[in-house]
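**Student:** Supplied in structure tokens, the structure appears directly below.
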Amino acid sequence: MYTRITRLIAANCALNGKVPLPWSRTLDASLHVLDLSHNRLDAVIADSWLPKIRLDLSHNAHPLRVSAEVIRRAIKSGMELWLTRTELANPDEVMGLWQTELGPQEAWTPRPSQGFECQDLSNPNLRVTPELFLPEQMCSCSPGFFGKGADCQQCPNGTYSAGRNSSQCTKCPEGSRSSAGSTAVSQCVCPFGSPEEASEGASRCRCDAHQALISEQRCIPCSELHLLCETPGHVAKDAPLEDGFLRLEVPSEEIFQCLDVKHCQSSSCIAGRSGPLCVDCAEHFRATGGLCLECKDVSAQQTLCIMLGSAIALTLLAAAAWHMRHRVPSLSQSNKCLLQLLLEQLAALLQLTQLWAVLGRLRRPISSGTQTEEQSSSDLVLSLLEVLQFTSTEVQNFLALECVYDGVAVRSLFALATPLVPLLILLLCSCAEIFSRGLGICVGLKILTVLFIGGASGSAQLLGCQEVDGAGVPLKHFAFRPLFPQQRCSEAPWVDRIGWTTAFCYGVLILCFLGFLFAKQNVVMRRVKAAMVYTTCNAGKVVVHMQGLTTEQSSKDWDAMLAKRLVCGAAAYVAVRVKGQAVVELQEAKNAVMIVTPIAKDVVGTSESLGEVESLVFGSDTEELEALQWHFMAQMLMERSILEQKEDRVMLGAKQLFCKYAKCENVWMEVCIKVMAAALVSVVAVNNLWLSVAITLGMALVIGLTRPFVQPQLNVLQTACFACLAVAAVGFRHHVALARLALAVPFGLLLVQLRHPDSPEMLALRLQQDRWRLRSTRVPWKSVPNNVLRWPMRIGLGTVAV
């Protein structure tokens, strides 16, 4: 009999060498545990089969060689092989079993202090330490570490590793920082926003949703820059824009509001618009009335036909007017008076509409994408009234030349023509003086009435520079020329030279010429200022005397001049003081006098009561007021008589202009109006509302106090026009309906004034003209019986015999 050995313990016995398996069948049959741990063994060898025992080779002092065949047979025989804390000496040989006999568990066991994680074997009979057995297959570096297998190092500052078995750490986004051992990009601290791991390439810092990154490396709300940032990661220089906003260069963080927000959509201009802030019309579109209309089947032949047709129509109209000038049936006195007043009023209203269109540039830019019905109607009215400025731009709009030729070139050419063409026409008028004395000056002054405001406005627009966007934000170096949108304000200096030259002509030369007219009439009219008219009463008759005239001329000329002056005094007296019929006779003597004998009773010295305004200003002394009015009219009529005699080129050409005013010296008002128009154009160009209001109110006050025009109705109308322009300026900035109402008021006043077209001033002029017509029949003065003249006249729309 022998004892069965079930446990053989030789642990920590300093054993070395190889462990042969099996030993003997007898021993192997009874042995259950063979503990050889904590020794210095070199290898485990097996020639054949392996017994089903537990072989403990853990904690071996140095690497132990265990062949792949031993492991295979151990697994097959069910042998428990313990290799805990024992390093495998031949991992390369055993590696082949990793995917076959040696299957890992799914769970990973972390080694926090060592920076890696390992998987144990799924076979419970094999107990190993993964980092010593097959470290590269069974272990991986933990997040926050890098290396291979169990050889791992912690990621340094500024890096991270997000997954297992990272061969190297990933750098944090540029400018961000992180602590050592960071395990995710989210642990990187960005100077702005939060980090984002790109699908390919390095990670980056990004702004969150509804924020955008600017060049100062910080995130700001997209609403401040008018950006659309529904998702994170937007950069301000190329992020999509809200409707109504645009970049003047791409990419750029500088974003500007369009002057008309409905012209800008989806970060670009709408169809038909182009240029900075979408102010220009695109190719195949034409500009008209502030709109860009698509060119549809407009050919050069059609444009030529329109031009020829318009020229032929104007020629035929002019020829018909010339042919019918002497065939127009004579009008009644009341109709003549009505027509004369209407023509003067229409000239004043033309000036009103031109200046109203100029003030239209004070409109506040539309700040929303929706244009109201009021704004749309205002744009339409402005577009129609701008035509009344008679500029070259309106001509090219009518002919649609942009659809035939290059649109940019056409608009640029006609922008230059707007201030230049009126000046060229004035130059041609000066040439007309060669053929007819005074004709060129007369035509030139009429042309100034129609074209001055449009030309001055065009000159100011040439010098214009769009320096702010629709919200008033400075454009800085993006500032551009409104008439030449492709040119920056610092470019194309030739435009400035043309602009300043034309501005000098409109603002200096033309005004100097008008000032010369004022000085010229002052010299010519000295005789009138030296003469004094006075009256005396004798037995119910009024005797008109003349004092202060010299007798340097011949006796015949002196008698004729004195007679005319006396007729002027008598006509003025009758117009102011007499309401009814009167007999006027010239008493010839050394100092001739004119005798006025009123026929009706109780009419001498009567007058209509003063109005409330005049009573407040001038008092209630009717006699004094009538005396002043009589002397004023007498001087006016004497000035008219001098104008009829003068053959001076300048006075002859400016005769109609002088006759527009009550006194020739009041021609300073023409200078004042032109200065005001030029100043208003310049002020509107810089968008100064209250200075525009001050200029227009100042003109209204000046005209109201001085009453320079010969027709009292025109004084009232002009005062109302300039006061309404001041209201319109405020209306354009705050409420467009107010501006339209201000435009309508003078037209309503015109209709009211046409009900009473006559005035004492016009009556005096008609009395004087009737006397000159009598003299122009070449009937000798003495052949008129008793030198008596009866003046029956029509006053207004009612008949009164004077």
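For all residues, glycine too, the Cβ spot is worked out from N, Cα and C.
I grabbed these lines from TrEMBL:
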- 150-188: domain 'Tyrosine-protein kinase ephrin type A/B receptor-like' (DOMAIN)
- 306-325: transmembrane segment (TRANSMEM)
- 408-427: transmembrane segment (TRANSMEM)
- 434-454: transmembrane segment (TRANSMEM)
- 498-519: transmembrane segment (TRANSMEM)
- 675-703: transmembrane segment (TRANSMEM)
- 715-732: transmembrane segment (TRANSMEM)
**Student:** Establish whether the number of Cβ pairs under 8 Å between the transmembrane segment (498-519) and the transmembrane segment (715-732) reaches at least three, counting only pairs separated by 6 or more residues.
**Tutor:** no
**Student:** Six or more residues out from either end of the transmembrane segment (715-732), which same-chain residues have a Cβ under 8 Å from its Cβ atoms?
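**Tutor:** Long-range Cβ neighbours of the transmembrane segment (715-732): 345, 348-349, 351-352, 355-356, 359-360, 362-364, 689, 692-693, 696-697, 699-700, 703-704, 707-709, 738-743, 745-746, 749-750, 753.
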**Student:** Who are the chain neighbours of the transmembrane segment (675-703) in space, where the CB to CB distance is under 8 Å and they lie at least 6 residues beyond its ends?
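**Tutor:** Answer is 351, 355, 358-359, 361-362, 452-453, 456-457, 459-461, 463-464, 506-507, 511, 669, 715, 718-723, 725-726, 729-730, 733.
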**Student:** So which residues does the transmembrane segment (434-454) touch in its own chain, when a touch means Cβ under 8 Å and the partner is 6 or more beyond its ends?
**Tutor:** 347, 350-351, 354-355, 358, 389-391, 418, 421-422, 425-426, 506, 510, 647, 649-657, 674, 677, 681
**Student:** With DSSP helix as H/G/I and strand as E/B, how many residues of the domain 'Tyrosine-protein kinase ephrin type A/B receptor-like' (150-188) fall in helix, strand and coil?
**Tutor:** 3 helix, 10 strand, 26 coil
